[in-house]
């Protein structure tokens, strides 16, 4: 008997271009679509977003295919290279031959220069980015920093849509998501094709599905993901696991667990997982994070009436820095070092 086909999740394509404009009614129409998606499977594709995705994929592929093992070691985060004491988040996440196939390069806010107040203090979760040699990778840093601000701009527009969807002012989220303080990160993940593929790099779920990364909720306010046109993601629904169709023309967007916390799970963080697929592909998430001290008081949108924004009585306010530290630590403890 053949395997039972997995249902396809409802993941709508939403035209987000009105969120860059001034037409309030069109913005509210987008907000209603975001609201419906957020309370269904929790995912939607943002289209007409204004970001050059072929350029993003092409430049990322050029970097992934040209960086050497020695360069990866020189850029490695502390979890892999103990000499790099200050690199907790930013840097290269190494593959381990025979054990771990996925590899990635993470970079943070380009505003975090050596004279930034949070770097000088220093404050956890803030790091100065490390970059490969410009002579060996000409233009890579310029590309990466430009992409950061391109996707930051898109994310700001989408956050305006989320704010309207929740009955808030448009700047409800963006006032906490500022260029000089945001802890948002870009991760350029490579899933390679390998022959043979190392068995220890393949995990098996309780239902027998082979996985590259086990179930989890994202540690973010929202996540804005570009991925290759290779189906790999699954979302957990009341009807069971469902496939999220791949679409390399849009950004796949979902709420993270901070959004779930502050909305009292009105917008939950969808539980999802990454299937094992032995095919060369990219997964390039932008984890949208607020600033270190930014704190949003939780409330229950479902019970707010007549403009009232009642606090969720059993949900304490958590600063974003505290949330991010604990969330990333918990994810590593659960699923291992990426």
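Glycine is no exception: its Cβ is also placed from the backbone N, Cα and C atoms.
If you look up Swiss-Prot, you'll see 89, 93, 185, 191, 283 marked as isopenicillin N binding site, on the strength of similarity to another entry. DSSP assigns residue 283 (isopenicillin N binding site) to a strand. Summarising the environment of residue 283 (isopenicillin N binding site), the number of other Cβ atoms within 10 Å of its Cβ, over all protein chains shown, is 22.
The Fe(2+) binding site annotation in Swiss-Prot covers 216, 218, 272 and is backed by sequence analysis. With a 10 A radius on its CB, residue 272 (Fe(2+) binding site) counts 24 other CB atoms from all the protein chains. Look at residue 272 (Fe(2+) binding site): DSSP puts it in a strand.
Its Cβ placed at the centre, residue 281 (2-oxoglutarate binding site) has 19 other Cβ atoms within 10 Å. The 2-oxoglutarate binding site annotation in Swiss-Prot covers 281.
According to Swiss-Prot, the feature domain 'Fe2OG dioxygenase' maps to 182-290, an assignment based on sequence analysis.
The feature site 'Transition state stabilizer' is assigned by Swiss-Prot to 213, with similarity to another entry given as support. Classification of residue 213 (site 'Transition state stabilizer') by DSSP places it within a strand.
As annotated by Swiss-Prot, site 'Involved in ACV-binding' applies to 283.
Scoring each of the recorded positions (93, 213) by how many neighbouring Cβ atoms lie within 10 Å, the top position goes to 93.
Within the same chain, residues at least 6 positions away in sequence whose Cβ sits under 8 Å from that of residue 216 (Fe(2+) binding site) are 271, 272, 273, 331, 334, 335. When the C-alpha distances from residue 89 (isopenicillin N binding site) to the recorded positions 213, 218, 281 are tabulated, the minimum falls on 218. In this structure the C-alpha atoms belonging to residue 191 (isopenicillin N binding site) and residue 213 (site 'Transition state stabilizer') are separated by 11 Å. Among the residues 89, 93, 185, 191, 283 said to bind isopenicillin N, no two Cα atoms are farther apart than 19 Å.
Put simply, residue 281 (2-oxoglutarate binding site) is 20 Å from residue 185 (isopenicillin N binding site) when counted between their Cα atoms.
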